[in-house]
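Q: Annotation comment: Swiss-Prot describes 108-131, 216-239 as NADP(+) binding site, evidence class sequence analysis. According to Swiss-Prot, the K(+) binding site annotation covers G181, G183. For C186, the entry in Swiss-Prot reads active site, thioimidate intermediate, with the evidence type sequence analysis.
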Amino acid sequence: MRIEEDLKLGFKDVLIRPKRSTLKSRSDVELERQFTFKHSGQTWSGVPIIAANMDTVGTFEMAQALAGFDILTAVHKHYSVEEWAAFINTASADVLKHVMVSTGTSDADFEKTVQILALNPALNFVCIDVANGYSEHFVQFVAKAREAWPSKTICAGNVVTGEMCEELILSGADIVKVGIGPGSVCTTRVKTGVGYPQLSAVIECADAAHGLGGMIVSDGGCTMPGDVAKAFGGGADFVMLGGMLAGHEESGGSVVEENGEKFMLFYGMSSESAMNRHVGGVAKYRAAEGKTVKLPLRGPVGNTARDILGGLRSACTYVGASRLKELTKRTTFIRVQEQENRIFNSL
């Protein structure tokens, strides 16, 4: 046993220090990034935000809506091959460019992903997702996926430390998904005592990944557009959002009515709700590590997407970044004990 004394920070612990700017308007800011990925060699351009691969966020409907904003969607792994085929038959090439195919690490997951990718060559992204990316089996699966799909861009996670980030990149991942426990409906930290404050995880993993020519996506912990800006400021190449995109018409959650008001269910993918739906319940050897919440219906996701992108553009103007690419170079974080004036938050 040992104790690390270095302070680790989350998004709530910092603000971005403003700096002089020559920008005249938020409209001057370019949010589109262009990436060429280390292993696949593929080039992609777009706004590097990803809707999370949760079945109450990462739906086909979400992909259709967010593609209009140049945003990616990691479509959840619980769609059948037949459902994928029906979606691909109606989706435009531009929508497919903004889609990630999500998978687990079982043999059945692998075979299903092989079939899905064979449906259309425009499916260029694979998101390999497990709660704990530190297992040797996971590393081996990433290597297997790279061998099977040499020209596909592979995103793999989740991890929170530099050495494991490097391991996954060396095994074939183009993008490493960073985050253990920060999600709005994740209870891993309280159930297991395991985790890592998200901003520090992003900073440390970005440093490790970029040294090898890889990239990272910050997954979890964002509650408002300012957190998205902080994640990019900390060095994230992509930012994945779950709770911020939940509760919308495109989100796919079940709708319930209470006292005449409608709510949408949103749950973590290791929650009892998710396991009851997809694997027949919580196995005897494990505990649920997620919760289920009821969100007031929030309408079309487009309104939220505009709010997120508007906040991100504004953050760039405050530090003089004319392009999103410049934000991390121009970011200085200051430690704080308050984020906002909350006097009217209860009204």
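The backbone N, Cα and C atoms fix where each Cβ goes, glycine too.
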Q: What three-state class does DSSP give V114 (NADP(+) binding site)?
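A: Looking at the DSSP assignment, V114 (NADP(+) binding site) belongs to a helix.
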Q: Among all the protein chains here, how many other CB atoms are within 10 A of the CB of G234 (NADP(+) binding site)?
A: 28
Q: If I restrict to non-local contacts, at least six residues apart, and a C-beta distance under 8 angstroms, what lies near C222 (NADP(+) binding site) in its own chain?
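A: For C222 (NADP(+) binding site), the qualifying residues are F11, V228, A231, V239, L241, G243, M244.
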Q: Mind checking which of A108, V114, C186, I216, V228 has the fewest other CB atoms within 10 A of its CB? They're the recorded positions.
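A: A108, out of the recorded positions A108, V114, C186, I216, V228, has the fewest neighbouring Cβ atoms within 10 Å.
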Q: What does DSSP call V228 (NADP(+) binding site) in the simple three-state scheme?
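A: For V228 (NADP(+) binding site) - judged by DSSP and reduced to three states - the answer is helix.
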Q: Rank the binding-site residues G181, G183 by how many other Cβ atoms lie within 10 Å of each Cβ and give me the one with the fewest.
A: G181
Q: Taking the Cβ of each of the binding-site residues and counting other Cβ atoms inside 10 Å, which one has the highest number: N120, V126?
A: V126
Q: Tell me the Cα distance separating G183 (K(+) binding site) from G234 (NADP(+) binding site), rounded to the nearest angstrom.
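A: G234 (NADP(+) binding site) to G183 (K(+) binding site), Cα-Cα distance: 18 Å.
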Q: What kind of secondary structure is G234 (NADP(+) binding site) part of, going by DSSP in three states?
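A: SS state of G234 (NADP(+) binding site) = coil.
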Q: Just to verify a number: CA distance, G183 (K(+) binding site) to I216 (NADP(+) binding site), in angstrom, no decimals.
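A: It is 17 Å, counting Cα to Cα.
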Q: How many Å separate the Cα atoms of A108 (NADP(+) binding site) and C186 (active site, thioimidate intermediate)?
A: 26
